[in-house]
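K.L.:
Quick one: the structure is below, and I'll ask about it shortly.
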Amino acid sequence: MSRLRSWRTVAVAVLYGAATVGMAVVGAPAAHAAASLTAKFAASDRGTWWQGTYEVKNAGDSAATTWTLEFDLNSGQSIGNWWNGTPTVSGSHVTVKPSSANANVPAGGSTGGNSFGFVGMGPTTPPANCKINGNPCEGGPPPDTPPTAPGKPVATPTTNSVALTWAASTDDKGVSGYDVYQGTAKVTSVTTTSATVNGLTPDTEYTFSVKAKDTAGQESPSSPSTTVRTLKDETPDTEAPTTPGTPTVTARTTTSVTLQWGASTDNRGVTAYEVYNGNASASTVTGTPPATTTTISGLTQDTEYTFKVRAKDGAGNQSDFSATVTARTDKPDTEPPTTPGTPTATGKTNNSVTLTWGASTDNKGVVSYEVYNGNASATVVTGTPPATTATVSGLTEDTEYTFKVRAKDAAGNQSGFSATVTARTDKLPTDQSACRPDGLYQSPGVTGVPYCTVYDTNGREKMGADHPRRVVGYFTSWRTGKDGSPAYLAKDIPWDKITHINYAFAHIDGQGKVSVGSPIANNPSIGMEWPGIAGAEMDPAYSYKGHFNLLNKFKKQHPNVKTILSVGGWAETGGYIDDNGVRQASGGFYTMASSQASINTFADSAVKFLKDYGFDGLDIDYEYATSAPNAGNPDDFSFSNPRRATLMAGYVNLMKTLRQKLDAAAAADGKYYLLTAATTASGWILRGSETYQVTPYLDYANMMTYDLHGAWNHFVGPLQALYDDGTDAEMKHWNVYGTYSGIGYMNGDWAFHHLRGAMQAGRINLGVGYYSRGWQRVTGGTDGLWGTSALPDQKNCPEGTGGKIGSTVPCGDGAIGIDNLWHDLDKAGKEVPAGVNPVWHFKNLQEGKQGSYITQYGLTPDTDPTDRISGTYVRKYSSSMVAPWLWNNDKKVYLSTEDDQSIQAKADYVANKGMGGIMIWELAGDYAYYPERDSGKGEYFIGDTLTTKIYNTFKTAAPYGNLKAGTRTMPTETLNVQADLYGFAVGDANYPISPKFKFTNNSTTTIPGGATIEFDYGTSAPATMTQQTGWTLSVVSTGHTGPNVGGLKGDFHRIRLTVPTWESIAPGQSKEVQLRYDLPIATPSNFVVTFGGKSYRIATDNPR
């Protein structure tokens, strides 16, 4: 399961191709050549593509009854349709078998008019390495070939070595030697077919393979690998561990003392530490290796104790005792905190009051404040120290309440109550529609939708006095700690720093309904418990357990935070993970959204689920509704590809239905339900997503402005650049800059301006990833940036990449081991090479720290060299792209992520652009520094540093942009006109993008000839829109021209269409205009229709 929406198809970056086409000849046949067959290449221009042919000629004296043509496509080239032959594409290598019409080539003849041909994209430079029947296409001797793969090694182990032998390789020029690999690391080179690898650990499993080299320096494919376990060391172990370091006291309470000591060493490894209280054993610490800290509990208050430690190995040998340390438990604390200051009401809504008060003091520290509404406890504020502000929610509108506060310390001592404060909640507007956001769809026939419970009268979301912008954090279900890896639970969320929690993920079950699985004890959402973990105690007020219980428990303390249920995600868009952890290929969104009946079933279940588990809204994470082929999870291709032509229509219908059913539930319940979506930032996927017509139904969009580059292909670049720098290697490969006015589309700024054409800035959130992606064995580029890294064996590309989907772009060589901590596993249980790490591990690598936690993620540094830290990681930063990365020149490893500098720049960007906020995937990747970790050596681990930086930037930001038209003044009168773009071609045929723009007059007024219709579209596409119907199209204003290095300058291009004088649009009538544009746009907006000296806005915009 790819938790990180991780494995996209290689074609994600391939938006369009362009070429200048001429004629080229691979080579003329040489007279009396050793090979009888030659092949001549030619290309002819067809506008946006070119036609390539290979004519096979026979210069020999006898007929050829069959032939095989091979060639390698150059950078930027791809082939589409073909004829008179059958090609097989593996990476950039193409192998062609003849058809029945041209397999036989007579002596002195050629394939002529039956020559193999194909549709080509990209440059017309003749493809490289052309061979016909293994010989050069131009004739002459065959080229040197690499050796064949050696045979599978046969292994003979000892306790600390493995002897290997293998069958020899063959080569046309002779084999010169062999390289032996342990895992992916070369451990020795030999000239014979045997080798011995020494220095191994007893009773440990190793994997070996061999590659041959020839006299020309060429390397063979790898042999099959052999896995072998070294023998157990039966020699008695009599060597004791070294003495542990003297213990130190790191914490104490009235009943416990926490100790830490220096680690012992041992010839076979330390297996345990035994801690003594005086002369009695008090605690045993085990592990691999065992921790060097423990807490001794059950002690008597205000009493002195003496502690010492000794180590033990697997043979039972014990070290000497360490030196002793003396510690006294704390005296009982009977002193209460001082009384808090009088609270003041600093903010209020129709159902909540926000209070602030002066802090209490205490001899041991205040641990919480309890806020009372009258004489009943309303909320408890915790923290270190606890905040002196709280919001009391669930109140009645236009009602007076009295509040007071008291403090508590760790011993349970309580202060006196503060003085009281009286506050009255706001009265809701009579007209709830006054709070509806501009552009948000209004469900027909539904009245009384309580918009004002969530939005203010300017249509901005109410999130608390210190949250004018959103901080949306994804909280994932799978970081439970039950598998031995570190847990991230609801208690770990920085609740005071965020506004929304997206729970990842629910799925569509076998009945087409929203589900998180059965209510069983090991279900993390509704069944699991974490006994003994402070803060993870279940709230008995709820019938369910698990994460859902804890989220609702903490939401009581933080009522301004909204919890949103996310459905789908990469692994569960086209299927679901069942109770046994097995993925069921059910079709998911692809089949559910194909009929209104199944959409209704899903939508009804979604409404019920939100109510049952206390969620405030629904987030749809559908990856992806597009006509682009092979998009999304390769496991879903059998569902998505046959439905490509209708996926977007189904998605629009799904979101419209959800909006209507959520609005109806909101009107009935008096509680508004949010509807949001994780939206793609890929230009290639968006080209197949029409105009992304789901935007009217969304309260806001969370842009997935990450995963822009990754090891699905060999182009090495930033994971989540904010801006284009004009040198993106992938953009250059496909000639994107040369085709689209210098605009590069793999960056967050481009994605924002795409959606900005359809929505106000305040309904758009920028996505940031608290994780990395990366490659190994990078060649070229600057410190790796814009270099390349292709998997050495392209036959082993992951599904959905490279030759597995017929792509001419090689799949990438993803980083592994220590550089891939948060790795996924493929179906065979093997590590997926991707360079995925949380930010905190990225920070440790930057400082040369291996991390004390790596074995918890399945790394085995004792036996696998790739799991050990090696080389030096140097931080690099592109200010032009807002992109940090680590470069390890020793290993040629490139890792891209976010850090403090880039997060600050992105938070500033969001604030300055008036955007709604930031969405984080995922909260567990954030970092903090802990000097006490790793036996006191200090290291980075899970924290909230980056989220705090975002919060601190946003809390003083101006309110977000709440109008689609921005600063433009729109007419006040609305004309009931519907504007729709439709008729998009499917997949790669959708270029140029040429839909029909249909205007339907639902008013009672005729729109006469000569009327003008103006509208905006986002600057993510050049201002090159044209029409092909006979109407007049003119560009009123241009928001941006030229390359987008440093960001697109304006938000909109404004277009004017003029109705021909001989036409009109009568009531109930529709008229269509054929448009043409280049890059994808979201649904145009800010329409103004002008005739008879008067201007109107139109109903399509859903204006306030």
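Using the three backbone atoms N, Cα and C, a Cβ is placed for every residue, glycine included.
Copying in the features that TrEMBL gives for the protein in this structure:
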- 1-33: signal peptide (SIGNAL)
- 30-140: domain 'CBM2' (DOMAIN)
- 133-158: region 'Disordered' (REGION)
- 139-150: compositional bias 'Pro residues' (COMPBIAS)
- 146-233: domain 'Fibronectin type-III' (DOMAIN)
- 212-256: region 'Disordered' (REGION)
- 217-229: compositional bias 'Polar residues' (COMPBIAS)
- 238-256: compositional bias 'Low complexity' (COMPBIAS)
- 243-332: domain 'Fibronectin type-III' (DOMAIN)
- 314-353: region 'Disordered' (REGION)
- 316-327: compositional bias 'Polar residues' (COMPBIAS)
- 339-428: domain 'Fibronectin type-III' (DOMAIN)
- 469-943: domain 'GH18' (DOMAIN)
K.L.:
Determine which residues of the chain contact the region 'Disordered' (314-353) at the Cβ level, with the cut-off under 8 Å and only residues 6 or more beyond its ends counted.
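P.N.:
Result: 236-249, 252-257, 259, 261, 264, 266, 268-269, 271, 274, 276, 299-308, 359-364, 366, 369, 371, 388-389, 391-398, 401, 403-411, 413-421, 423-428, 452-453, 462, 464-465, 559-560.
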K.L.:
DSSP helix, strand and coil counts for the compositional bias 'Polar residues' (217-229)?
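P.N.:
The counts are 0 helix, 5 strand, 8 coil.
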K.L.:
On average, what pLDDT score does this prediction assign to the domain 'Fibronectin type-III' (146-233)?
P.N.:
92
K.L.:
Treating G and I as helix alongside H, and B as strand alongside E, what does DSSP give for the domain 'Fibronectin type-III' (339-428) in helix, strand and coil?
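P.N.:
Split into helix, strand and coil, the domain 'Fibronectin type-III' (339-428) gives 0 helix, 45 strand, 45 coil.
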K.L.:
Under DSSP, the domain 'Fibronectin type-III' (243-332) has how many residues in helix, strand and coil?
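P.N.:
Its residues fall into 0 helix, 45 strand, 45 coil.
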